[in-house]
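First the structure, in the form of structure tokens, and then the observations on it.
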Amino acid sequence: MKINPYPYPFIAIEGVDGCGKTTLIEELKKCDKAEKIGAVFTREPTDGAIGKKIREILADNGRDENKRVSAVGLQRLFIKDRREHRKTEAVLLESRPVVSDRDFVSTLVYGMAEEVNPQWIVSAHELILGKYFFVPDLVLVLDLSPDEAMKRSEKGGKPADYFEERIKLRRAIHKAYLQFPVILEKFYPEVKMNIRFIDALPAPEKVFKDSLFLINECFQEKLSKIERN
């Protein structure tokens, strides 16, 4: 595992379902357009063949026996989808910033919540992604209690999927988000990931302001390296 080796910034937005991630990304898109930055916004699962299969599995929520997969099997699909995504991101990052709605961290924390061994998740990334196993320059985690996130999801009329149906699981996911930095440091002590937690309880405007400050900071640091070279 290594930090994004390409010249342009790579940022991932993370958090439990219902944390306000989608709202933040929409505001970032507006800002990007207004400032004419030209960032590319992507998401995981992707809209590719594997990504669509994952979405079908999550939407089905285990009702169809033919679509059921084990927790390990589902995480393997996520990693294979990420391999194809990384190939595209690698090309984009040569000339443009990339902002991803979920990334490697999601697979790690959601897998941990389903009691998948984190060592297996990391090893599977190394095996399947190979040279494309790089992580973002900045990982923004919107931190919101699982109970509050559940209230927001219900208020928005969002249907439950595989990861949203049970509050117990959502609490496990939130706990894993708080734990993953320590776990990654244990596996890769030499890789210093830039992981920042944003309080997602305040109004969306405040969350956007706090997030934009950290994103601008990341952009300035990364782009200054391009200028020096």
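The backbone N, Cα and C atoms fix where each Cβ goes, glycine too.
Features reported for this protein in TrEMBL:
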- 13-179: domain 'Thymidylate kinase-like' (DOMAIN)
- Gly15, Val16, Asp17, Gly18, Cys19, Gly20, Lys21, Thr22: ATP binding site (BINDING)
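In this view, Gly15 (ATP binding site) is surrounded by 25 other Cβ atoms within 10 Å of its Cβ, with every protein chain counted. Taking the centre of the Cβ atoms of Gly15, Val16, Asp17, Gly18, Cys19, Gly20, Lys21, Thr22 as the ATP site, the nearby residues of that chain (Cβ within 8 Å, site residues left out) are Leu142, Leu144, Ala149, Arg152, Ala200.
Around the Cβ of Thr22 (ATP binding site), a 10 Å sphere holds 15 further Cβ atoms from the protein chains shown. Annotation for Cys19 (ATP binding site): spatial neighbours Leu142, Asp143, Leu144, Ala149, Arg152, Ala200, criterion Cβ-Cβ under 8 Å with sequence separation of six or more. Classification of Gly15 (ATP binding site) by DSSP places it within a strand.
According to DSSP, Gly20 (ATP binding site) is assigned to coil rather than to any helix or strand. Residue environment of Gly20 (ATP binding site) contains 23 other Cβ atoms, counted within 10 Å of its Cβ in all protein chains.
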